[in-house]
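As structure tokens, the structure follows; a few thoughts come after it.
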Amino acid sequence: MAFVKAERLKLLPPYLFQEIDRLKAELTAKGVDVINLGVGDPDLPTPDHIIARLKTAAEDPSTHQYPSYSGMNDFKVSVAGWYKRRFGVELDPLSEVLTLIGSKEGLAHFPLAVINPGDLALVPTPAYPVYHVATMFAGGESYFMPLVRENGFLPDLDSIPADVARRAKVMFINYPNNPTGATAERDFFEKVIAFAREYDVIVCHDAAYTEMAFGGYRPLSFLELPGAGEVGVEFHSLSKTYNMTGWRLGFAVGNADILAGLGQVKSNIDSGAFNAVQWAGITALEGDQGCVVEMQRIYKERLDILIEGLKRIGLHPEVPRATFYVWCPTPPGYSSKDFSSLLLREAGIVATPGSGFGAPGEGYIRMALTVDKERVREAVERMRKLSF
């Protein structure tokens, strides 16, 4: 019997990062020394004290049973405490914190809780592909909000037509931003809250990169702004902050009613995060944060090497204050795919074409600071030898 994919799958382009992995594996199999700047997966190890807590927790048989659907109360209390210390935001751990199997899982399930077939979501572009795909899976439609250099890679809310705004059910935002590295300040979040109130729109803020910042910059939580908790929720992850991408642990916080809806979806789809991983997460959030400071130092060192090198060879990268991404315009005459293909074929460097994140990403590539500083230097040297 021939397998026929569901129509929704036929609408999907190849998943961007899966395609990058495929190309990398193909070149590696041919003996090419590949420098992978394509995927935002930290190369740094999870800190030792977090690993040690996982070991002891995993040896406790009580952690081997099904976890709570909404997360261990101890973990949610820890999240609330971290939000209070880091952002000054008060949260009720029992109703305003929901444990996730990584923030991607929560973001992917979120539209199922808030979007009906035919509803409209306001989705930034270029952006993490999950926002649009999850909306489509829920039967919704995306209205794309361009993120362009001239507006600081922030969506221009004033340009959204009134009839679109009235139809919109949810707005996705993400700051510090993937892929552009842009950041948002209080005035932008205030506009978002006012827009949400005027048009009765739910705000979904992906805040996975707030702890990956440089030079003393402290990114805001959306929930620091008055009224934010009335209109939206914020998604966070331990993946980037503590180098725990493979552990799959995150959380959503904010409006209790919205989180209850997401929790209802999750309880019918998954069985929660492994309790031993949640205990390790508590150690991460409550333990010495020196590991976060060290992570920031390492990425800043790599960032400086890459930015200086790109400028030296005639490119004009955006200089981020946060995230571990560099958003760099392509040389004149090159499309995003053309330039990323040149880097791959001629230099063995994997960089992500900006167009893969959405049409306004055309003319850019994204490079991730996820190799050590010597490999960053090597990547710059290989690029210097190219003709473009």
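Backbone N, Cα and C define each Cβ position, glycine as well.
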Checking Swiss-Prot, the member of Tyr199, Tyr209, Tyr299 that binds pyridoxal 5'-phosphate with Tyr69, Ser103, Lys104, Tyr128, Asn178, Ser237, Leu238, Ser239, Arg248 is Tyr209
In Å, how long is the longest CA to CA span across Tyr69, Ser103, Lys104, Tyr128, Asn178, Tyr209, Ser237, Leu238, Ser239, Arg248, which the record gives as the pyridoxal 5'-phosphate binders? 29
In whole Å, how far is Lys240 (N6-(pyridoxal phosphate)lysine) from Arg366 (substrate binding site) when you measure between their Cα atoms? 17
Ser239 (pyridoxal 5'-phosphate binding site) to Gly40 (substrate binding site), Cα to Cα, whole Å, comes out at 10
Just going by other Cβ atoms within 10 Å, which of the binding-site residues Tyr69, Tyr128 has the emptiest spot? Tyr69
Which residues does Ser237 (pyridoxal 5'-phosphate binding site) neighbour through Cβ under 8 Å, counting only same-chain ones at least six apart? Leu100, Gly102, Ser103, Lys104, Ala208, Leu249, Gly250, Phe251
